[in-house]
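Here is what TrEMBL says about this protein:
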{"type": "SIGNAL", "residues": "1-17", "note": "signal peptide"}
{"type": "DOMAIN", "residues": "57-261", "note": "domain 'Sulfotransferase'"}
{"type": "ACT_SITE", "residues": "Lys66", "note": "active site, for sulfotransferase activity"}
{"type": "BINDING", "residues": "Lys66, Gly67, Gly68, Thr69, Arg70, Arg149, Ser157, Tyr257, Lys272, Gly273, Arg274, Pro275, His276", "note": "3'-phosphoadenylyl sulfate binding site"}
{"type": "DISULFID", "residues": "Cys258-Cys267", "note": "disulfide bond"}
Amino acid sequence: MANLLSYVLFLALRTFAAPPEYIQVWPGGSTPAPGDLGNDTVGPSLVPPPGTSKHAPHSIIIGVRKGGTRALLEMLDIHPEVAAAATEVHFFDWDENYAKGFEWYRDQMPYSYPNQITVEKTPGYFTSPVAPARIHAMSSSIRLLLILRDPTERVISDYTQVYFNRLENHKPVQAIENMLVKNGALNTRYKAIQRSLYDVHMRNWLQHFPLEQIHIVDGDTLIHDPLPELQRVERFLHLPPRIVASNFYFNQTKGFYCIRSDGHERCLHESKGRPHPPVNSTVLRQLRLYLRQHNRNFYRLIGRTFNWQ
């Protein structure tokens, strides 16, 4: 009897000592020996912690691409009452995923406790012509987060990401001027420019959701002073204030704020914050002039202005 009680106590202690995200159960119930974790043929099955379940998101970060969506999600994930989806799901903007159905979508969400809200982020939603209606069909009361930055800088950042991705995959690359200019004029059909027409995409969202359900995060401010922006998000999501100044520290090497939480420090992936290439001044001026009227239209739509050039 004493041996049985000892074994039960051991199992209980091992369970409650597991990381909160999941409990690892190994074949045969044994703990792997050092080095066994590298064996691809043997891996843990994930057993949800007691009292957790998967839910459709209570809030979605809808964009914009290269606006700071990953930083926003990582910083919001500091909050103990937030369960953040680990990957971009692309359910509402990719037809092949949407065809898999709502149950598939919910299964992509993290396990969460009853006091937590689930948050998903897919930057492609903002510029998708079909995402607003599809999200509204799932939940007309969902709270949406949209993080934006200077649209000209966003274009350059968009190009930079594609440039490095192509280099890493040994594909040919072009100078940014060759993408921005076509036949001697600004190439307004360039996808990176199209994504920065915030007024065009916002009109689509406002056809399905009232502005009160879309909280706009200033991506430029988030980079330089994250706490006030996160506190506004907490209030918008009706979360108790838990994110504090000590959760952030400035990394001099990377040149942006990193996160400190639960005794651990982490920064965004090295692909974030890459230096932008120099852009021909004449081309840059053309781009700014083209986007300026779209910016003004956007300001009128939302009743707010930004310090965009």
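Here the Cβ of each residue, glycine as well, is placed from N, Cα and C on the backbone.
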- List the same-chain residues at least 6 positions away in sequence whose Cβ sits under 8 Å from the Cβ of Ser157 (3'-phosphoadenylyl sulfate binding site), in sequence order, or say none. Lys66, Arg149, His276
- Message: I'd like to confirm something. Which of the binding-site residues, Gly68, Arg70, Arg274, has a Cα closest to the Cα of Cys267 (disulfide bond)?
- Response: Arg70
- Query: Within 10 angstroms of the C-beta of Cys258 (disulfide bond), what count of other C-beta atoms is obtained when all protein chains are considered?
  - Reply: 18
- Message: On average, what pLDDT score does this prediction assign to the domain 'Sulfotransferase' (57-261)?
- Response: 97
- Please report the number of other Cβ atoms within 10 Å of the Cβ of His276 (3'-phosphoadenylyl sulfate binding site). 12
- Query: Relative to the Cβ position of Arg274 (3'-phosphoadenylyl sulfate binding site), how many further Cβ atoms are located within 10 Å?
  - Reply: 12
- Task: Have a look at the recorded positions (Lys66, Arg70) and report the one with the fewest Cβ neighbours inside 10 Å.
- Result: Arg70
- Message: Using Cβ atoms only, which residues of the same chain lie under 8 Å from Gly68 (3'-phosphoadenylyl sulfate binding site) while being at least 6 residues apart in sequence?
- Response: Ile147, Arg149, Val217, Gly219, Leu222, Ile223
- Task: Write down the Cα-Cα distance for Cys258 (disulfide bond) and Arg274 (3'-phosphoadenylyl sulfate binding site), rounded and given in Å.
- Result: 15
- Task: Would you mind reading off the Cα separation of Cys258 (disulfide bond) from Arg70 (3'-phosphoadenylyl sulfate binding site), to the nearest angstrom?
- Result: 12
